[in-house]
Amino acid sequence: MMDQARSAFSNLFGGEPLSYTRFSLARQVDGDNSHVEMKLAADEEENADNNMKASVRKPKRFNGRLCFAAIALVIFFLIGFMSGYLGYCKRVEQKEECVKLAETEETDKSETMETEDVPTSSRLYWADLKTLLSEKLNSIEFADTIKQLSQNTYTPREAGSQKDESLAYYIENQFHEFKFSKVWRDEHYVKIQVKSSIGQNMVTIVQSNGNLDPVESPEGYVAFSKPTEVSGKLVHANFGTKKDFEELSYSVNGSLVIVRAGEITFAEKVANAQSFNAIGVLIYMDKNKFPVVEADLALFGHAHLGTGDPYTPGFPSFNHTQFPPSQSSGLPNIPVQTISRAAAEKLFGKMEGSCPARWNIDSSCKLELSQNQNVKLIVKNVLKERRILNIFGVIKGYEEPDRYVVVGAQRDALGAGVAAKSSVGTGLLLKLAQVFSDMISKDGFRPSRSIIFASWTAGDFGAVGATEWLEGYLSSLHLKAFTYINLDKVVLGTSNFKVSASPLLYTLMGKIMQDVKHPVDGKSLYRDSNWISKVEKLSFDNAAYPFLAYSGIPAVSFCFCEDADYPYLGTRLDTYEALTQKVPQLNQMVRTAAEVAGQLIIKLTHDVELNLDYEMYNSKLLSFMKDLNQFKTDIRDMGLSLQWLYSARGDYFRATSRLTTDFHNAEKTNRFVMREINDRIMKVEYHFLSPYVSPRESPFRHIFWGSGSHTLSALVENLKLRQKNITAFNETLFRNQLALATWTIQGVANALSGDIWNIDNEF
């Protein structure tokens, strides 16, 4: 046996006798390399038995080198294998212990799949998701849901009423059925104004002899009117815009004014009238703009020039908050009341002077009440505290759950009419929530970011529910919510598609308009390459407005409509039947609105980069600079220069260019790098909120879209005043406006630049 083993071992190395040679590492003085040859003991025994003298044989160099090469190869293979194996074990050691080296390759592979916690579903692409969304929407009957929400079960549903709460609970249950990640409610205690159950609001003509001629005890009312009694001359002021008041040939000082509904909000009409020293306002729907058959139709609205609970300005209306009594500066100090067209025509019968042709108004319109007559207005509205509920459901993102898009709709309404005002938006909200729930649970859609669906109430009192939620999370919401999509009043007609949005969303909306087809003519919604110039500014009565102007969150609102206003909003005729009569293709129109909103949601939550085009504000800043350049002489006369404003605008342009370059150079698969870039993009809108005014005193701090002396439009208006009436111009105010606007723009540029060491400090 020993002979066989020795023979096999010997043959492995070419049949040569084995010897090991040790070479000295030190070079010998005489140039020789000494070595020691060692023979195996078995060889020595064999030589001794055969009585043969061992002779030293020189090993063959070729076979020796082959031996060392083989050994080296084996060693390197083992080192590489062990390094890789130990590295793998280290990665998964938290899950389970390393597998033994002796296990098969198949076992290693199967255990690798078990221990790696990586989603196995394939990622759907934009084209796949568009098709999937379209197919889902095709199977839904939106009109049935709108009809259900417009029935007596849920109407009338004034904010805080029993039927409003019943609808809130229904929506909450629906969200639970959709298997959302979380469903919750937000509770507030707010003060709203309602008609008195004791006294009536009244409009009366006071004859010269003191006799009273009753005109109307209106069914409708205007919330947040000053409850008081006034009497005076009555004059017409068209729509009640600032321009309308400026163009009047008679004074409104100490007079009641009557204005048409439309063009601007009730609150703006009242504020304008108050600024021209009017003592009260009457609002009606004229026949030309609102061709409604019923002349005695009542109208509802509110007069708060702001949003949220006006008795807790700047802070949320949570129960038992210990704030001192206060009220919003946007509340009017004069009474305001809506009247029917029949009542307005009765008043016109006592008035004189034809209305200007440029007003494009019906012939019954008159300008001033006859001499020796007055109109008496009595408003007896009362404040009520109501508990209101906002309902939320969230689909959490799979990569960045702490970043979310909010999709919301108002569910309440003043009066019995609810269809176009709140049922369409609420129905669309529910169906979109259902569609996205199905896409995730059944079709493999994995949004990177979260989607929050929100049902607001008290929207008819000035986006109270939405604003109170924003006020409750003012310090943190802008760091997490990056877009608000408003679904209110999305279908009022078929002819036009109108958009109101933050400039950050213009580019994305343009792409979606090119994708989505109009259901009537089959053409793209993108009809005009110059559509951005026709984008309308968000109004006070739009729930998207406080998101943009108060919280600095990009927001978008859109609708299908006609050239003329929808005639039934704010009236009891806003019914499902009236809506389907005006919009026979209601189901197709709402489905198209759902496709627009759905594509927005997908693009904002699916793509690696946030689809917010921060470069669009470059054109807005450039437009502002052009407006300001018209007053270069005035500015120079005050010893001022626009140099620093130019510099701030230039820094913003350079910051956007650098950010675009950073994005193009970034490794898109590196989530940490992309998150850092997206965080910089998210800061843009928020940093356009002026940091130099109080959110309590001036809640709408956005220098482009806000309201107050800190806005860029107010700065320009101040310069116009200097040219018109220099004695009324406040130079100190203007200097502050210019300085603070400059530093606000510079702050946005700095935020876009990223880390503090990347900011150009040579301002």
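The backbone N, Cα and C atoms fix where each Cβ goes, glycine too.
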Exercise for review: Examine the ranges 20-23, 616-619, 704-707 and name the one recorded by Swiss-Prot as motif 'Endocytosis signal'.
Suggested key: 20-23
Check your understanding: Sorted by position, what residues of the same chain at least six away from Asn253 (N-linked glycosylation site) have a C-beta under 8 A from it?
Key -> Phe276, Asn277, Ala278
Review point. Counting only other Cβ atoms and using a 10 Å cut-off, which of the glycosylation sites Asn725, Asn730 scores lowest?
Key: Asn725
Practice item. Indicate whether Asn730 (N-linked glycosylation site) is helix, strand or coil by DSSP. Key: coil
Review point. With DSSP, how much of the domain 'PA' (225-315) is helix, how much strand and how much coil, in residues?
Key: 16 helix, 21 strand, 54 coil
Review point. Between 0 and 100, where does the mean pLDDT of the topological domain 'Extracellular' (89-763) sit?
Key: 92
